[in-house]
Amino acid sequence: ECSPYAAHLYDAEDPSTPVRTIPGLCQDYCLQVWQKCRSIFRSLSADKELIALENNMAKFCHYLALEDTDYCFPHLLANQNLNQNLGLVTANAEGCLQLCLMEVANGLRNPVAMVHANDGTHRFFIAEQVGLVWTYLPDRSRLKKPFLNISEAVLTSPWEGDERGFLGIVFHPKFKFNGKVYVYYSVQVHYEERIRISEFRISPADMNALDHGSERIILEIEEPASNHNGGQLLFGDDEYLYIFTGDGGMAGDPFGTFGNAQNKSALLGKVLRIDVNNNDRGPLYRIPPDNPFLNDPKARPEVYAYGVRNMWRCSFDRGEPDTKEGKGRLFCGDVGQNKYEEIDIVEKGKNYGWRAREGFSCYDKKLCANSSMDDVLPIYAYPHKMGKSVTGGYVYRGCESPNLNGLYIFGDFMSGRLMSLKEDPATGEWQYSEICMGTGQTCMFPGLINNYYQYIISFAEDEAGSELYFMSTGIPSATAPHGVVYKVVDTSRRAPPGKCQVEPLPVRVKSKRIQFVPKEKFIMKTPTPRPRLKAMTEAPQRGRSDPGTPRTSSVDWVGQAPPLPGNQSQLSTTLAPSSRTPKPRKGGQRRGQRRKKKPPSTALPLRNGSVRLMEQQGRGRSQGRVEVYINGEWGTVCDDGWSSAAATVVCRQLGFPYVVRATKKAEFGEGASLRILLDDVQCSGQEETLLECAHADVGTHNCSHEEDAGVVCSREEVADW
């Protein structure tokens with residue numbers, strides 16, 4: 001692997017130093033080289049000064065010496081202080097893994113999936129929730145003609161958070177030979193909502209478009225509610241099609257005696273496995289002969305696993321690159337109800353507990369006490385203080401970032417957290433590490449950025465399986481073109497140049513190409529501490545109800561925010577969010593110049609929704625505890641759900657075009673003399689007042705003044721460096 005100290009070996013950190021063609025050699029090693037093979041340097045270097053010193057050992061070795069002898073070759077290789085962490089991802093003082101991103105695609109409307117054809121072309125196909133799929137070429141250009149457009153058939157809406165729509169796509173493992181693609185989408189048939197799995201074939205006239213007239217409906221399932229629609233499609237190494245359905249929606253899986261998820265005769269709340277191979281004649285699909293409930297008269301034969309609530313994004317582990325250890329494991333993120341999100345490894349015939357359990361916690365106490373359930377516990381679960389809607393990811397088995405190998409990387413749609421799990425091979429336990437965007441110089445490389453839009457929708461791998469990607473958006477609406485695809489990059493250790501290169505097969509293009517233009521920017525930001533909640537790692541005893549609040553190392557963390565949207569003549573149009581707390585619209589950690597003037601103190605009219613700060617000015621910024629005026633009284637705001645988007649609303653009301661950060665846990669003191677008027681505030685950032693945001697009933701809360709929310713606003717971008 002390339003040495004992380006190459007710059008040190010060549011004394012290249014300082015651009016003013018002379019260019020070296022030979023690395024710095026340690027004195028004792030240089031003496032050996034000079035004595036035995038000094039003539040090789042004529043072939044290695046065109047440095048005339050070095051060659052002129054060839055016959056003078058002392059001057060020759062002095063010329064090749066480094067001022068800092070810790071970095072000379074070969075002693076550097078054995079220096080434990082410098083090499084002990086080479087296999088680890090760079091982490092900050094709080095243990096948060098610092099990664100960077102590369103923008104791959106933008107301007108997408110809720111990008112729900114990114115897949116490849118496994119045909120050697122290394123194209124990737126990005127699906128939008130509205131029902132369009134776009135073709136992207138290896139140079140990141142997009143074809144103007146969509147690969148698939150079934151937007152007229154897809155059932156969805158512009159409402160933020162609508163879970164219906166085009167939800168999944170997968171190419172047949174033998175697509176190169178049979179041209180088959182499978183899609184999963186919501187549809188309305190005679191006023192009845194359904195999920196539909198269909199098969200399409202590639203157009204004989206265009207390898208970058210599906211034949212829209214070739215659709216064959218493989219399976220349809222009635223959806224009793226508009227949420228919990230599932231949406232994942234995968235092909236396993238067995239070449240069977242895996243279908244992941246939600247439990248039917250509403251809350252608590254109220255369908256039937258035990259809910260859909262525990263009812264093996266229902267197709268909802270399940271992982272299904274069917275055989276769609278060789279289906280041109282005869283049935284559209286067959287049942288694999290080893291499906292676990294094939295001979296159970298009370299079960300649907302398609303069922304592969306059950307007891308799931310709404311698995312959103314699953315993936316098969318490619319296995320460790322050399323040993324293939326872990327290959328074939330099926331990882332899923334299962335979205336929780338009221339308290340916990342979970343990560344599962346799905347196995348044939350297993351029961352994953354819903355609605356008896358939510359994470360490790362009992363949800364339905366009677367079902368939870370039933371010892372005959374024999375349900376499988378998740379490998380990891382986290383509370384809703386960390387996020388409220390898990391997005392499953394991938395085990396990294398890529399090439400470019402070797403330190404990430406074996407990390408299961410996933411996220412949360414609501415909080416915007418990126419997270420990772422690493423298996424301890426000795427114990428089989430999974431260790432959690434949060435992922436944050438690199439600070440300081442970590443991501444200061446050409447083409448890299450350190451921020452992303454808040455709502456993490458999905459993850460993906462490229463055709464080579466060499467790199468990991470994720471998709472997120474700033475506005476979670478099927479019609480809002482704010483979705484971006486990011487490639488995950490670890491700058492702490494990179495693969496050797498050329499090792500990860502691929503040679504795509506040529507693509508015959510008939511449509512106009514739209515060249516990729518990156519829009520996101522690198523943001524210099526201060527490495528602020530982010531205390532993190534510790535998620536549950538142990539299950540309660542069978543039959544007991546909720547085990548209580550998980551152990552915590554600290555309270556939930558607080559992010560920082562970008563300039564406010566609105567007056568485009570004054571504000572930057574590049575809003576690039578980063579990981580934040582529930583429920584932000586556009587996060588990020590944007591800072592600019594420190595302002596020189598204090599903002600004027602302007603009294604706002606006392607109308608419902610008016611706000612004020614406990615400290616109108618402090619250290620050159622307007623900051624303080626947020627107090628809101630509702631129905632004739634002032635009160636505080638609880639920080640549950642408090643985010644940079646909510647801070648955006650407050651700062652705009654007070655006349656400030658920039659929000660520096662949202663604060664929590666009564667950072668600016670407790671408003672103990674006031675009532676808590678608002679809780680669970682979730683804003684998009686576009687609202688005029690906090691009352692227009694989603695929130696609990698006025699005066700209703702489950703917090704104390706120790707959780708009073710606050711903001712830091714500014715009239716100008718604020719730079720700390």
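Every residue number used here counts from 1 along the chain in the order it is shown.
In case you wondered, yes, glycine gets a Cβ from its N, Cα and C as well.
Annotations in TrEMBL come from automatic prediction, not curation.
Bear in mind that the values here come from a model prediction, so they are computed numbers and not experimental data.
Residues annotated as region 'Disordered' in TrEMBL: 522-619.
The compositional bias 'Polar residues' annotation in TrEMBL covers 566-581.
Marked as compositional bias 'Basic residues' by TrEMBL: 582-599.
As annotated by TrEMBL, domain 'SRCR' applies to 611-714.
Per TrEMBL, the feature disulfide bond maps to CYS683-CYS693. A 10 Å cutoff on Cβ-Cβ distances gives CYS693 (disulfide bond) a total of 23 other Cβ atoms nearby, all chains included.
Counting every protein chain shown, the number of other Cβ atoms lying within 10 Å of the Cβ of CYS683 (disulfide bond) is 25.
Along the domain 'SRCR' (611-714), the predicted structure has mean pLDDT 86. In terms of DSSP secondary structure, the domain 'SRCR' (611-714) contains 16 helix, 38 strand, 50 coil.
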